[in-house]
Amino acid sequence: MRQILFAAGIALAVSILLTPVLIKAFSRQGFGQEIRVEGPASHQSKRGTPTMGGVAILAGLWAGYWGSHLIGIGYDADGPSASGLLVLGLTTALGGVGFLDDFIKIRKQRNLGLNKTAKLVGQLIAAVAFGILALQFRGANDLTPGSEHLSYVRDIATVTMGSVVFVAFCYLLVSAWSNAVNLTDGLDGLAAGSMSLVLGAYVIITFWQYRNACETSPGKGCYDVRDPLDLALICAAGAGACIGFLWWNAAPAKIFMGDTGSLALGGMLAGLSITTRTELLMVVIGALFVAEAASVVIQVAVFRSSRRRVFRMAPFHHHFELAGWAETTVIIRFWLLAAIASAIGLALFYSEYLAAIGG
């Protein structure tokens, strides 16, 4: 538990202290956000706000994770694990793709960075590497970081994918979650605040898996998850980094996370869902991100078939803005929805555990 607190605290401190440094540096360099012309008129005043703040989130994540392990040496805590390093690597790789996207936007002074093909290729390389490596590194109980079984709260024994399909599934999750968080990052603090809630829920899940791991506590309801405590450190560091960044990103935002942050955080969700064996549960806990992405899919599909729009604008947080809601009202209510989804997900997780032990 101490390591988890250290990870969150260090990440928060690094993120909250580094972000204003980045604001000044990026402002000096002219690294400002371009705004969609067709977006809400109120957003035009945000043009030029520094972007690529995801650098601070990634720095906080790395500092929190490695700092907690360095402190852990003092009381013989376990070192870094395959699962933790894989999720950290996937998060960083997606952050790198986002950084390139942001940098091109800034240099070309437009709201479009990497083209769709280049972005998909970047996601593909990161996801395939993660998927292949996730089936290696067998540890205690012959567990690997990933599993060829589809999972809800634990592996579903009757649904086996095979290694090739598993790697393809990893790409689907990485692409879906990174794009979902990217689409949600359209209002000040919306993505950072929502991610803090989701990662907070996953701190609880991973710590519970650690306390009830089949390796150390075999019996009814135990979890076959490799390195759950190390995954808890990743979640705690990620949550702390998001909260520290949110201090400066809350409305009115002094800096945006950009694709550097949103793609990285989406990659983290994908990696965590795979390594914690909660691929389907993540859909519930991350329901806000799912809804934002679904609103875009629905809008495009309906418009192409009927030339009509379901929403005034997609992602649908803009729909409510155009309906007259103040931006801060949309943000706070969406945070509440994210909190409710996280609470429902935790309830489902615990109820499955009670059912497993016969409670």
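Yeah, the Cβs are placed from backbone N, Cα and C, and that goes for glycine too.
Fair warning: this is a prediction, and the values are worked out from it, not measured in the lab.
Pulled from Swiss-Prot, these are the features on record:
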type: TRANSMEM; residues: 3-23; note: transmembrane segment
type: TRANSMEM; residues: 53-73; note: transmembrane segment
type: TRANSMEM; residues: 84-104; note: transmembrane segment
type: TRANSMEM; residues: 117-137; note: transmembrane segment
type: TRANSMEM; residues: 156-176; note: transmembrane segment
type: TRANSMEM; residues: 187-207; note: transmembrane segment
type: TRANSMEM; residues: 231-251; note: transmembrane segment
type: TRANSMEM; residues: 255-275; note: transmembrane segment
type: TRANSMEM; residues: 283-303; note: transmembrane segment
type: TRANSMEM; residues: 330-350; note: transmembrane segment
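Taking every listed stretch (53-73, 187-207, 330-350) in turn, the largest tally of C-beta pairs under 8 A with the transmembrane segment (255-275) is reached by 53-73. Sequence-distant contacts of the transmembrane segment (3-23) (same chain, at least 6 residues past either end, Cβ-Cβ under 8 Å): 50, 52-53, 55-57, 59-61, 63-65, 67-69, 71-72, 77, 203, 207, 229, 232-234, 236-245, 247-249, 254-255. Within the same chain, the transmembrane segment (53-73) stays apart from the transmembrane segment (283-303): fewer than three Cβ pairs sit under 8 Å, each pair at least 6 residues apart.
A Cβ distance under 8 Å defines the sequence-distant neighbours of the transmembrane segment (330-350), meaning residues of its chain 6+ beyond its ends; these are 153, 187-190, 193-194, 197-198, 200-201, 204-205, 208, 251, 278, 281-282, 284-288, 291, 317, 320-321. Contact count against the transmembrane segment (231-251) (Cβ pairs under 8 Å) is highest for 187-207, out of 84-104, 156-176, 187-207, 283-303.
Residues 51-52, 54-55, 58, 61-62, 65, 113-114, 119, 122-123, 125-127, 129-130, 133-134, 145, 174, 178, 182, 227, 230-231, 233-234, 238, 258-268, 270-272, 275 of the same chain lie 6 or more positions beyond the ends of the transmembrane segment (84-104) yet place their CB under 8 Å from a CB of it.
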